[in-house]
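**Student:** Have a look at this one before I ask anything.
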């Protein structure tokens, strides 16, 4: 029997040569992205928590949730970095069969699930911040509706990521026959679309309240601009969705290479 550590995960296409020793890889892009994101997140969240604890001397639910989101984010970055080690950014024929299944697919499964957990905590933190800033009765109904949709979507994404196949191990172990699996490509697109929709809901939620405040027009515009800065996350989510669509069109015959852009935008 062939050693799975010495054979490629897929047959080498015509015109290419398998290289399991020192292959070409774009994984360094993910490493750069990981380092930059960790630095910025640590600085911004650190400054926020320091301000809330030492200067304002008041910590609220939104602070706890953003701290949890940051810790989960660090865990996800660790998985994203490990997935580079086991094949991300390399062509599938340059990855050993043993590294691809179960290792690569298992890390990808849990990274996708933890990404959804991190996004849920971030969105809940923003919503709790809104609730603290706008303790208005008329606002709470919209707020509860947005919270219900966000939490429902988030939990659905988390459990769907892990239980996409039954038994669960069939998600990453190609030697295990699955009793049933969801359409993963449809799930990724649906998840991306819902991520954008909930981002837009959260983005738009405080705008009507701002314009009803007893402020000068200039102040209302400034506040609206501050809140709509969150549209950056919508743009990133859209780019990620487009990367998913491109990956689906190309197919997963070279999944370790084509997933690179999706992971970067995650």
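Each residue, glycine too, has its Cβ placed from N, Cα and C.
What TrEMBL lists as transmembrane segment is 28-51, 63-84, 104-129, 141-166, 186-209, 221-248. Residues or ranges marked as domain 'Rhodopsin' in TrEMBL: 47-266.
Give me the local environment of each listed feature.
**Tutor:** Mean pLDDT for the domain 'Rhodopsin' (47-266) in the predicted structure: 86.
Remote same-chain partners of the transmembrane segment (104-129), defined as residues 6 or more beyond its termini with a Cβ less than 8 Å from a stretch Cβ, comprise 60-63, 65-66, 68-69, 72-73, 75-76, 79-80, 82-83, 86-88, 95, 143, 146-147, 150-151, 154-155, 157-158, 161-162, 164, 171-174, 191, 195, 198-199, 202, 205, 230, 256, 259, 263, 266.
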